[in-house]
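S.K.: From TrEMBL, for reference:
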ACT_SITE  Glu127  active site, proton acceptor
ACT_SITE  Cys378  active site, S-methylcysteine intermediate
BINDING   Cys147, Cys151, Cys154  [4Fe-4S] cluster binding site
BINDING   Gly202, Glu203, Ser234, Ser256, Leu257, His258, Asn335  S-adenosyl-L-methionine binding site
DOMAIN    133-373  domain 'Radical SAM core'
REGION    385-405  region 'Disordered'
Amino acid sequence: MRAMQTLSAAPMPIPGHIDPVPVARAITPRADGRVDLVGLSKSELREALAAGGLDARQAKLRAKQIWHWIYNRGATDFSVMTDIAKAQHPWLTERFVIGRPQVVEAQVSSDGTRKWLLRSDDGQDFEMVFIPDADRGTLCVSSQVGCTLNCTFCHTGTMKLVRNLTAGEIVGQVMLARDGLGEWPSQPEGRMLTNIVMMGMGEPLYNFDNVRDALSVVMDGDGLALSKRRITLSTSGVVPMMARAGAEIGVNLAVSLHAVTKPVRDEIVPLNRKYGIEELLQACADYPGANNARRITFEYVMLKDKNDSDDDARELVRLLRRYKLPAKVNLIPFNPWPGAAYECSTPERIRSFSNIVFEAGISAPVRTPRGRDIDAACGQLKTAAERKSRAQMDREAADKADALG
Ligand code: SAH
Ligand code: SF4
C-alpha cells in the first residue's frame, strides 16, 4: 500500500535543491480523539490529566504514577496500574492511550542488526534500526518521515513525503525497541539498548522542538534514563539551530561534512549552498560542551572519485585544525541503493584517506556497514511509501511463475 493514499491532506510543496525549507506537513490528530501520553513531559502529562477533569492534587499524583508505569515498567494499558484505583481505569482509557508506532515489518540481518518498518497512527511509514555490538547496543532513531533535504547519495533524501515525527513517535521508537528487546522493567545495568543516535530518516534540526522534547523524556532520570553522553544527534549542517541544540538538548554532536570544497559539498549536500563549510565549522567550534573528552564526530561518506582523494584528506585535516575542533572523523563506506549515481571508494583509497587523517593525530575509523542485506545501513532507509512491499513483490513473483508455467 502506498502511504500517500492514506493521507487526506494535500501534499506539501517539495522544497527545491537550492533553498531547502524546513516545512513539513501537519500532523493529523488521532482519529479516536484520545491523547497519547507517550512523549509528553511530566508537566504536560499533569496538564493533560487536569484538562480531563482531575483536580490539581490528583493530577500531580496520578501523573507521577503513570510516568513510572510508562517509562519504568513499559505499561501500555492502564489496567495493569495497580496503584491507581480500578474505578479510575475506564476514565483514563476513554481519554488517553499509551501508544506505540505500529510495527509493519521487523527484519533481522545476518549480522544481528534489526530493522523495523513502523507506521504512525495516520498511516505514515518510517524506520528504526538496532545495531548490537559486543559492548553496546545502538538504536538509530528517525526524526522525520522522509527528509526535505536532498543529499544526492542518500536514499531517504529521494523520498517525497515528509512530515515531522511527533515527540511521542520519536520516544515511541525507543519504547518499541525496549519492548522488542524485552528490557522492562528499566534497569540501570546490563541493558542491551545503551546508546541512541538520531541518524535515521530525516534532519533532526528541522524538527527541533519535537526532537528536543523527545530526548528530554528519554534522558529523564526517573524513566528511560539514557545519559546525554550516550546520545548523538547528527545534522547535515543546519547552522542556525546548532547553538540551540547545544544549549537545549546538550547531546553529542555529529556533523555530516562529506566534502571539503564548496563545489563538491554544494553538489552532494545541497544545504551547503545555504550554510557553507566555513560557517558550519565555526558553528561546530562554538558548540557548547565540545571538548577533547567529548569530541564532535565528522561523518564523511566515501564516494569513489568524488571526495576521496589524498588532497581531500589533507584539506580535511587543515580545516579541522584551522577551527581547532576537538574532532573525530567517521569514514562511512557509501552504501549503495537502486538508482544511486555513486560508487563506494575502493578499500585501498579508504585506507589511504584514513591514514592521512590518522597521522595528523585525528582518529579516523572506517565504519563497518551494518545491516546492508536488509537495507538498514546508513542512507539506505526509504520506506514502502515508494518501495514495493514484500507482499507485492511476492505476488508479482507468483504471477510471473504462473505466466511461465
Ligand atoms: N539527516 C541527518 C541524519 C541522518 S543520516 C544527517 O544527514 O546527518 C545519517 C548519516 O548517514 C549521515 O551522515 C548521512 O550523510 C549518511 N548517509 C546517507 N546516505 C548514505 C549512504 N548511501 N551511504 C553511507 N552513508 C550515508
Ligand atoms: Fe536528509 Fe541526512 Fe539523507 Fe541528507 S543525509 S537527505 S539530511 S537524511
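Just so it is clear, glycine is given a Cβ too, placed from its N, Cα and C backbone atoms.
Tell me about the surroundings of these features in the structure.
M.R.: Over all protein chains present, the Cβ of Glu127 (active site, proton acceptor) has 26 other Cβ atoms lying within 10 Å. Look at Glu127 (active site, proton acceptor): DSSP puts it in a strand.
Look at Cys378 (active site, S-methylcysteine intermediate): DSSP puts it in coil. Here the Cβ of Cys378 (active site, S-methylcysteine intermediate) has 28 other Cβ atoms within 10 Å, regardless of which shown protein chain they belong to.
For the recorded site, Cys154 ([4Fe-4S] cluster binding site), the DSSP three-state label reads coil. Other C-beta atoms found within 10 angstroms of the C-beta of Cys154 ([4Fe-4S] cluster binding site) number 27, with every protein chain shown included.
Around the Cβ of Ser234 (S-adenosyl-L-methionine binding site), the same chain contributes Val197, Met198, Met199, Pro204, Ala254, Val255, Ser256, Thr297, Glu299, each under 8 angstroms and 6 or more positions distant in sequence.
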S.K.: Nearest by CA distance to Leu257 (S-adenosyl-L-methionine binding site): which of the recorded positions is it, out of Glu127, Cys147, Cys151, Cys154, Cys378?
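M.R.: Closest candidate to Leu257 (S-adenosyl-L-methionine binding site), judged by Cα separation, is Cys151.
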S.K.: To see if you understand the setup: which same-chain residues, six or more apart in sequence, place their Cβ under 8 Å from that of Gly202 (S-adenosyl-L-methionine binding site)?
M.R.: Ser142, Ser143, Gln144, Val145, Gly146, Cys147, Thr156, Val162, Asn164, Leu165
S.K.: Using CB under 6 Å from any atom of ligand 1, narrow the recorded positions Glu127, Ser234, Ser256, Leu257, Asn335, Cys378 to the ones that qualify.
M.R.: Ser234, Ser256, Asn335, Cys378
S.K.: Minimum Cβ neighbour count within 10 Å among the binding-site residues Ser256, Asn335: which residue?
M.R.: Asn335
S.K.: Go through Cys147, Cys151, Leu257, the listed binding-site residues, and name the one with the sparsest Cβ surroundings, counting other Cβ atoms within 10 Å.
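M.R.: Taking Cys147, Cys151, Leu257 as the binding-site residues, the minimal 10 Å Cβ count falls on Cys151.
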S.K.: Out of Glu127, Cys147, Cys151, His258, Asn335, which recorded positions lie by ligand 2, with a C-beta less than 6 Å from some atom of it?
M.R.: Cys147, Cys151
S.K.: Average pLDDT across the domain 'Radical SAM core' (133-373)?
M.R.: 94
